[in-house]
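Colleague: Here you go, one structure.
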Amino acid sequence: MKPTASHDLIVIGGGSAGHAAARTAAGLGAKVALIESAEPLGGLCILRGCMPSKTLIETANRMRAIRDAARFGIRVAEPELDVDALRDRVRSLVSDFRQHRESEMTSGRYKLLHGSASFTSEHEIEFATEKGESRTLTATTFVIATGSTPSVPPIPGLAGTPYWTSDHVVHLPFLPKHLAVLGSGAIGMECAHLFEGLGSQVTVIARGDSIMGKMDPEIGTVIEAESGDRGIRFLKKTDLKSVTYRQNHFSLSLEGAADSLEADALLVATGRTPATAHLGLEGIGITLEDGRILIDDRCTTSLSHIFAAGDCASPVPVVHLAVIQGEVAGKNAIRLAKDGHRDTAAVWNRKSAMSGWFTEPQCVEIGMSEKEAQEKGITVLTGRKDYSDQGKGIITGCQRGFVKVIADAENGRLLGACGTGPLVIETAHILQAAIELGVSAQDYLAIPHYHPTLAEAWHRAVADLADRLPVP
Ligand SMILES: Cc1cc2nc3c(=O)[nH]c(=O)nc-3n(C[C@H](O)[C@H](O)[C@H](O)COP(=O)(O)OP(=O)(O)OC[C@H]3O[C@@H](n4cnc5c(N)ncnc54)[C@H](O)[C@@H]3O)c2cc1C
Ligand SMILES: NC(=O)c1ccc[n+]([C@@H]2O[C@H](COP(=O)([O-])OP(=O)(O)OC[C@H]3O[C@@H](n4cnc5c(N)ncnc54)[C@H](O)[C@@H]3O)[C@@H](O)[C@H]2O)c1
């Protein structure tokens, strides 16, 4: 028999997604509890993800800019990194962000409980309190927002060594002379550029024959060339076979572009695993795929009163999606709890979904790719602008970056965009809004961009394709 619920909603996990779900539901007048297992509060983005990594990247970019000063007519001595000062800066900023989040989570809008939760039945969860006692709570609806953990492959010898994951990097244990990076995805490439900027020698070991994951292949080509110019070495089509660690030194046995590699630090950046293993989900019939909770566009799982949001469920694990999924899950859960609506309306997926990597230069993808358009049978036109042929791009010294835009060849509607170049993630938001709102290339061009700016590159790319659109 279904027990009488003590809450309208229980949220499991207090990161970006869980907090968004709880505050949204509480704002709708619901009785909400959020259970978080970790101390301190803050979640991945604040404690070990976006914020500390981008703080380190900010310093790396400034170090690189100083080294590059002569190109801009400035004579300056070789910069020297103060590792302790940088570590203190990261600690201090993370502490500020954390305190802000903590004050939101303890403001009383929803009940915050500490403990590690798991389902004992479809409407019941159990969690251990700080005193070690087991407590049971019931709710009409649930949001699972338990995030993810670094995934480390079972490479012989690796487990017994002091290898790093991104969890270690954000504390900057030391500045390696030579860093080996396993994986050329988001974390591998951001960290390769981060440590190169700070002054380390960096070698990236990549399994495939290209880098930068699923990003547009042309972006991979530009980033590889830019990285190569700055001394980063790529060992492509290469497997790490085994690892030994002796006297503060890693010896890596490889198969592929090289047989071996010596380094004083090893970063394993081979993806993240959804944190769903200890939640009792199989027992209550929640469908998972490789550990990821399957959700629809309303964040509903295979059980209609249980929702999921963020890295434990998202096909693209990034913060803005974790937040919007949390809000959607919270809203839909409360509609169901209060009114019994199953036909809930809020949806999380957007046609302008964006992915941005903070390499140097930055890389971005928005909405549909040319390949996806082809698969959907849409004929597209592509417009392009190279920064080496664009006013502000030339001023910043960008030699290889570009932006590309695609539009429906029939009606000119903007469908997707990608690029790599100076601050391209920042400037791409104007395209994101245009794609989401279904703006046509012609209407976009009616908004002149300020000159000389980097954002003008997008305008020029749209103009490039608009010339080939049928005259209305
Ligand atoms: C190094 C790094 C850099 C990144 N940079 C960016 C970036 O620049 N931009 C971007 O958009 N994204 C970035 N990301 C991704 C981003 O950080 C995540 O997508 C986002 O933080 C996920 O939020 P979440 O709420 O789903 O998970 P989390 O923030 O991980 O929250 C999950 C919470 O659930 C808790 N929990 C787990 N199990 C239980 C349980 N059984 N009971 C109770 N509580 C539990 C955990 O303690 C955790 O606090 C980065 C990630 C990394 C690792
Ligand atoms: N700017 C951002 O938005 C940002 C920054 C950092 C991290 N993140 C998020 O964090 C997540 C995790 O990042 P990530 O770089 O760890 O994952 P990823 O999926 O982006 O890249 C993983 C890389 O590891 C390689 N790999 C996987 N298994 C391997 C194995 N056994 N041996 C060798 N190589 C292997 C893959 O080929 C790939 O190159 C990303 O999906 C991303 O959403 C986002």
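Here the Cβ of each residue, glycine as well, is placed from N, Cα and C on the backbone.
Annotations in TrEMBL come from automatic prediction, not curation.
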Colleague: G183, S184, G185, A186, I187, G188, M189, E190 bind NAD(+) in TrEMBL, but which of G108, G271, G280, G283 does that record place at the same site?
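Modeller: Among the candidates, TrEMBL records only G271 at this NAD(+) site.
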Colleague: I want to verify the bond table. Which candidate from C45, C191 sits on the other end of the disulfide that TrEMBL records for C50?
Modeller: C45
Colleague: Between K54, H451, which of the recorded positions has its C-beta surrounded by the fewest other C-beta atoms within 10 Å?
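Modeller: Minimum Cβ neighbour count within 10 Å, taken over the recorded positions K54, H451, occurs at H451.
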Colleague: Just checking: which of the binding-site residues S148, G183, G271 have a C-beta under 6 Å from ligand 2?
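Modeller: Among the binding-site residues listed, those whose Cβ sits under 6 Å from ligand 2 are G183, G271.
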Colleague: Near ligand 1, which of the binding-site residues G147, G183, D311 are found, taking a Cβ distance under 6 A to any of its atoms?
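Modeller: Among the binding-site residues listed, those whose Cβ sits under 6 Å from ligand 1 are G147, D311.
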Colleague: Using a 10 Å cut-off on CB atoms, tell me which of the recorded positions C50, I187, M189 is the least crowded.
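Modeller: Among the recorded positions C50, I187, M189, the lowest count of other Cβ atoms within 10 Å belongs to C50.
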Colleague: The domain 'Pyridine nucleotide-disulphide oxidoreductase dimerisation' (357-461): mean pLDDT?
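Modeller: Computed over the domain 'Pyridine nucleotide-disulphide oxidoreductase dimerisation' (357-461), the mean pLDDT is 96 on the 0 to 100 scale.
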